[in-house]
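Feature annotations, courtesy of Swiss-Prot:
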type     : residues                       : note
BINDING  : Ser108, Leu109, Leu110, Pro111 : (6S)-5,6,7,8-tetrahydrofolate binding site
REGION   : 279-302                        : region 'Disordered'
COMPBIAS : 279-288                        : compositional bias 'Basic and acidic residues'
Amino acid sequence: MRLIFMGSPDFSVPVLEALHAHHEVVCVYCQPPRPAGRGKKDRPTPVQTRAEELGLPVRHPTSLRTPEAQAEFAALGAEAAVVVAYGLILPQPILDAPERGCLNIHASLLPRWRGAAPIHRAILAGDEETGICIMQMEAGLDTGPVLMCEKTHIGPEETVQDLHDRLSDMGARLILGALGALDDLVPCPQPDAGVTYAEKIAKAEAGIDWTRPATEIDRQIRGLSPFPGAWTLLNGERVKLLRCRLAEGHGAPGAVLGGLTIACGTGAVEITLAQREGKRPMEPEEFLRGFPLPEGSRAHTS
């Protein structure tokens, strides 16, 4: 099938690779290069980098609302566009241009977690399952009818990074199935009940309040890893907590009970991956060799 691909971050790359292997990708649309790193040099998106490696033409317009951009898009003569974490709203002339419209790969069980950060929000909310929906796009935010859906369990120690990688691969597999069966798929309108929105993650959500229950802090750590990274102060230094598990233990909120097990409002969490500022992430044994925490030390955020 003759396709346009639209995506930008790492999550989109396996989908691009799958489409390139099985279909004709006539053009790749992604976000433009932006300043990044210490030198603030323009850095292309992961999708642009991979597309160029594959020898695919790349476009990164800052808007798709101009008549010129819309004419260029339509002139590609694509049968369909596949959209996954692109980063721009598609106006109606873009949605209407491909013969079979635009298909979106969304990382949630719609209508739950429409919006920008469905993987983070599913873990933060304590959801036991999530999945991938292939959706026929329309003008609303993730409101289109669902063509195909697959569920997956969220593991008790899974982080955003873990789930991100699994769902990315699932999306690549599912879109191939959807494209192959497109003539037979029946669009299923999303129900009005159960709609929730996955707002972008704010850095202000990352500071840990140790008076909260261990179950909530566990979700916060896993649901913000690796970015922006839940953090606390230990011995006056900000430390990111990137992996954890629920643990036995009781004590004053924030008290270090031994190793990297920290008491919460109720229960405790055992930190299994932590990162000091300017250092790489470390498991507890290595972390504590260079940063000893005597029993009775306190974690806090202010």
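Keep in mind that glycine also has a Cβ here, set from the backbone N, Cα and C atoms.
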Problem set entry | Which of Leu109, Leu110, the listed binding-site residues, has fewest other Cβ atoms within 10 Å | Leu109
Exercise. Which residues does Pro111 ((6S)-5,6,7,8-tetrahydrofolate binding site) neighbour through Cβ under 8 Å, counting only same-chain ones at least six apart?
Worked result: Asp142, Thr143, Gln190, Pro191, Gly194, Val195, Thr196
Exercise. For the compositional bias 'Basic and acidic residues' (279-288), what does DSSP give as the number of helix, strand and coil residues?
Worked result: 5 helix, 1 strand, 4 coil
Problem set entry | C-beta crowding around Ser108 ((6S)-5,6,7,8-tetrahydrofolate binding site), within 10 angstroms | 24
Exercise. Whose Cβ lies within 8 Å of the mean position of the Cβ atoms of Ser108, Leu109, Leu110, Pro111, the (6S)-5,6,7,8-tetrahydrofolate site, other than those residues?
Worked result: His106, Arg112, Trp113, Arg114, Pro118, Gly131, Cys133, Asp142, Val146, Gln190, Gly194
